[in-house]
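Taking it in order: structure first as structure tokens, then the write-up.
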Amino acid sequence: MEDDRAQVDLGIAADIDEMNPPPPPSVQQKQPKKRFLGRQSAAAGKSSSSSSNSTSQPAGANTSIEDSGAIQVAQPRRAPRMLNQVPDSILHDAALNEAIALLPSNYSFEIHKTIHRIRTLDAKRVALQMPEGLLLFATTISDILTQFCPGIETLIMGDVTYGACCIDDYTARAMGCDLLVHYAHSCLIPVDVTKIKTLYVFVDISIDTSHLLATLERNFAPGKSIAMVGTIQFNATIHGVRSTLQKAGYEVIIPQIAPLSKGEILGCTSPNLSQFLTSSGKQVDMILYLGDGRFHLESIMIHNPSIPAYRYDPYSRKLTHETYGHEEMQDVRRSAIRQAKTAKKWGLILGSLGRQGNPNTLGLIEEKLKANGTPFVNFCLSEIFPGKLAMMSDVECWVQVACPRLSIDWGYAFPRPLLTPYEALIALEEKEDWGKGAYPMDYYGREGLGRTKPAAMEV
């Protein structure tokens, strides 16, 4: 996990003692500046100078820094204290490992860590939340946890989970759970923000990297520069194949949009690759997305319309060239913004599916509408459908603070303009249109509208 990612409370915490200050010199004289060297070099130098001083130099004689005892040997560090290290009694439990073998071997559900976490917290009711693609494993995971953590009760959360923004700690808390295990997404909502103790399990998926490498070498000539991205499940693979591809003659860049991990993208958040140039100062030749489906890939394609994109599907083991209708999408979004500027009444939707909705972003738009004297009405919806919004025919423009891709992908299906927060601020003349550049996809970036802080609401 990268340094700038929201910190997870299940990592390795190091508790390092501070080094003791050196003892004061016995002779009051101006001391040379201390030099810090590697332990081996410093020890050798100190030993040599001690031997030399004892045989050839009188006390108080002028000496060089190396001979004056100014070399300070670094104190050996105490080994880090592993606060959450899974004990061997769990790792080597034969019965537990036999039960884990029922799950796919290339899927890392981190059962050992989960059991250790449950026991450490003395949790009694554990909520399990995962996307629909993993629900077929939910009952097996539940059975394993209840068998090896006697006395606990598990609750499988069956509501739709589209992404990391859908983590539902509110419902888990309301159901009396004291631990939420969220599978297959990264820590978009930090664990110090969630309302109950939370464990993120990325579900790292191992794939046949030899086929991936052979496919790339067959289709792309050495010397090409590649920006490699993917979902969190394949993040380890992306970093693992980088050195091999570089040895084969490719220049590999793993871009980052903080606070996501390097190489990780979301359907609403991806890096602008103009900030990640090659060693020769040029733009990368291509985007390579590792994963199934197009939803996340389209994010980085929208953000970087001039760079060709390819997708390697690790399940079908196929490499495909992907395209996107940038002009059509941008025309549709600009049309919606133009219509919104003449709307006499607005409707503001706060998404209530997990943590999708940001009340601070909603408040920011409210303040702008109040300043303009534009009437509006607030709604709270877990999912947004055209038929439901059509029932409020007096509302001439909608803004949904939930998922930007809902407006981008499906906005044309709604009877009235359905804007993202970014588009709403353009319509209210608080932000500039993207012009001839790329439509921004930075919703959960560090300064994105998905992370609006209360201070940003001040007018």
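Cβ coordinates come from backbone N, Cα and C, glycine included.
In this structure, Cys403 ([4Fe-4S] cluster binding site) belongs to neither helix nor strand by DSSP; it is coil. Within 10 Å of the C-beta of Cys403 ([4Fe-4S] cluster binding site) there are 25 other C-beta atoms, taking all protein chains into account. The [4Fe-4S] cluster binding site feature in Swiss-Prot is assigned to Cys165, Cys268, Cys403; the stated evidence is similarity to another entry.
Annotation comment: Swiss-Prot describes 41-61 as compositional bias 'Low complexity'.
Under the heading region 'Disordered', Swiss-Prot lists 1-68.
Take the mean position of the Cβ atoms of Cys165, Cys268, Cys403, the recorded [4Fe-4S] cluster site; other residues of that chain with a Cβ within 8 Å of it are Tyr162, Gly163, Leu266, Gly267, Gln356, Ala402, Pro404, Arg405, Tyr443, Tyr444, Gly450.
If you take the C-beta of Cys165 ([4Fe-4S] cluster binding site) and look for same-chain residues 6 or more apart in sequence within under 8 angstroms, you find Leu188, Ile189, Leu353, Gly354, Arg355, Gln356, Cys403, Tyr444, Gly450.
Sequence-distant contacts (6 or more apart, same chain, Cβ under 8 Å) of Cys268 ([4Fe-4S] cluster binding site) comprise Ser299, Cys403, Pro404, Arg405, Met441, Tyr443, Tyr444, Gly450. In the three-state DSSP assignment, the secondary structure recorded for Cys165 ([4Fe-4S] cluster binding site) is helix.
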